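Visitor: The structure that follows is given in the form of C-alpha cells.
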Amino acid sequence: MEKIIVKGGNKLQGEVDISIAKNSVLPIIVATILNPRKITIKKVPLLEDVLVLVNLLRELECSVEFSDITGDLIIDTSNLKEIEPSNDLIKRMRASFLIVGPMLARFGRCKISMPGGCNIGSRPVDLHLKGFKKLGVDIESGHGYINTKTEGLKGGRVYLDFPSVGATENLMMAAVCAEGVTIIENAAEEPEIWDLARFLNSMGAKVEGAGYGRITITGVKELKETESFTPIYDRIEAGTFIVAAAITKSKITINGVNEEHLMPCIEKLTEVGVKFKIDGEKMLVDGTEDRFPVDIKTLPYPGFPTDMQPQMMALLSLTNGVSIITETVFENRFMHVGELVRMGANIKIDGRIAIVEGVKQLTGCEVKATDLRAGAAMILAGLVANGETIISEIHHIDRGYTRIEDKFNSLGANVHRIKI
Ligand code: EPZ
C-alpha cells in the first residue's frame, strides 16, 4: 500500500505543465470501438483509469499500444470481439459503462454488469437507459446485469432529465451510425462533450451543437480513417494548481490552459482575490493577495464544476470569514469534510450545504483520500498545514492525476509517496 506525505510550509514557484483531460480521454478511448481501424490518440496521461480502459479493450481483443514517453495511445479495434467485459473492470471504473453505446453500434448487443456506485453517490445509469430506449434499444436488467439489444439503432429525440455527462456521451456514440437523426435535449455542455464530438467528427461523424444544450447527430453509414487526435487539456487539474497557488499565497505559471473552459474557476477565484494573467495557453496565477470568503454552488457546466468543490473547500477553510458551499450535482460529495475537520478546519454540513468558517491554521495529521478530488484537496491542505499530513487511500488520486507529487515538487512543494 502507498501513502503520500506532505510537509507544509513551502511557498510555490515556477511552472507546471497540465496533462490532457482524463474526462476527455476516457470517452474518446471508448469511442474508438465505433471505428474498426487503427487510431492514435496523442499525449494520453498515464492514469489508472486509462489503464483500466486499455485492459478492457484488450479483453475485447482490440490491439492497444501505449508509449508512456510520448503518450501516444495506438488503438486498433478491427478485431473487436463481442465478449462480455469482466465485472471487476466494469466495477473498478464507472466510465467503462460508456462502452454500451459503441458496442450496440458495432454488434447490436451488449451485456454488462451494472456499474457500482462510489463514495460520492449512487451514480445510477437510468438516463443512459432511457435514452437508449428512444434509439430502438430493448433493455432487460436483473441479477446485477444490464442486457441491451437492438435490431438496428434508429435516430430519435431524447430529453435528459439531468444534463448527465456520461449519458450524453453514451447516446452521442450510439447515434453517430444510427439510421436517421438523433436530437439530445438538455445535453451536458461540459468541454469534454465538445471534445468527444470533435473526435467523432474527425472520423466523419455528423455531430452538431455539442457544448450547447441541444446536440443533433445525423447518422452516417460508416466512419472513416482519421489522423491522430489530441484531446483538450485537463481543466480540473489546472484548477487544482490554481488553488495550490492561492492556498500557499504563491505566484506560479500554469502551462496548458483553455481560458474558456476554466471560466467558472477563474471567475470564482477572482472573487476570492486571486489575480490572473493569461497569454494563450499560459496562465500566470498570483495568489499572494488577501483572500475573501465566497459562496459556491456546484452546477453542470458552465456552472462551477463539482470536480473543483473539494479543492475550493480546502482553500476556503483557511480564508477569513464564512463561505457557503452547495453541492447540487452529487448527493454525497462531502466525504472530505471530516478529513479537513481532523486537520482543524471549521466546517458544518446541512444536507447539500457546507458552512465553512475560515481558521488561521490547519495542522497536519493522518487523513484519507475519500475520492479522487478529495484526495487532491488533502494535498492542498497539507501544503500549508503545520507539520506533516499523511494521506492514505491514494489510489483514488492516481486515477485522475499523473504522479501528482512530482508536479507539486517541481513547484517547490514537499510531497512524497511512500510504500508501506
Ligand atoms: C462525469 O461523471 C465525470 N467523470 C465526473 O468526474 C464529473 O464529476 C461528472 O461527470 C459531473 O461533471 C467522467 O467524465 C469520467 P453525470 P458522470 O452522469 O458522467 C446523476 C472526476 O472527479 N445521474 O453527469 O458519471 C448522477 O447520479 C469525476 O473526474 C443520474 O441520476 O456524471 C449524478 O448525481 C467524478 N442518472 C449526476 O447525475 C444517470 O443515468 C451527474 O452525473 C446518470 C447520472
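Each Cβ is built from the backbone N, Cα and C atoms, and glycine gets one as well.
Positions annotated as active site, proton donor by TrEMBL: Cys118. If you look up TrEMBL, you'll see Lys22, Asn23 marked as phosphoenolpyruvate binding site. The annotation UDP-N-acetyl-alpha-D-glucosamine binding site is assigned in TrEMBL to Arg94, Arg123, Pro124, Val125, Asp126, Leu127, Asp307, Val329. Residues annotated as domain 'Enolpyruvate transferase' in TrEMBL: 6-407.
How buried are these features, and what lies next to them?
Guide: Every protein chain shown contributes to the tally, and the Cβ of Cys118 (active site, proton donor) ends up with 17 other Cβ atoms within 10 Å.
In three-state terms derived from DSSP, Asn23 (phosphoenolpyruvate binding site) belongs to a helical segment. With a 10 A radius on its CB, Asn23 (phosphoenolpyruvate binding site) counts 25 other CB atoms from all the protein chains.
If you take the C-beta of Val329 (UDP-N-acetyl-alpha-D-glucosamine binding site) and look for same-chain residues 6 or more apart in sequence within under 8 angstroms, you find Thr298, Leu299, Pro300, Thr306.
Regional average pLDDT for the domain 'Enolpyruvate transferase' (6-407) in the model is 96.
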Visitor: Fill in the CA-CA distance, Cys118 (active site, proton donor) to Leu127 (UDP-N-acetyl-alpha-D-glucosamine binding site), as an integer in Å.
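Guide: Their Cα atoms are separated by 18 Å.
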Visitor: Tell me whether Arg94 (UDP-N-acetyl-alpha-D-glucosamine binding site) sits in a helix, a strand or coil according to DSSP.
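Guide: DSSP call for Arg94 (UDP-N-acetyl-alpha-D-glucosamine binding site): helix.
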Visitor: Would you mind pulling the DSSP three-state label for Val125 (UDP-N-acetyl-alpha-D-glucosamine binding site)?
Guide: coil
Visitor: Cα distance, Lys22 (phosphoenolpyruvate binding site) to Arg123 (UDP-N-acetyl-alpha-D-glucosamine binding site), nearest Å?
Guide: 18
Visitor: Please state whether DSSP places Cys118 (active site, proton donor) in a helix, a strand or coil.
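Guide: The three-state answer is strand.
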Visitor: How many Å lie between the Cα of Val125 (UDP-N-acetyl-alpha-D-glucosamine binding site) and the Cα of Asn23 (phosphoenolpyruvate binding site)?
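Guide: Answer for this pair: 17 Å between alpha carbons.
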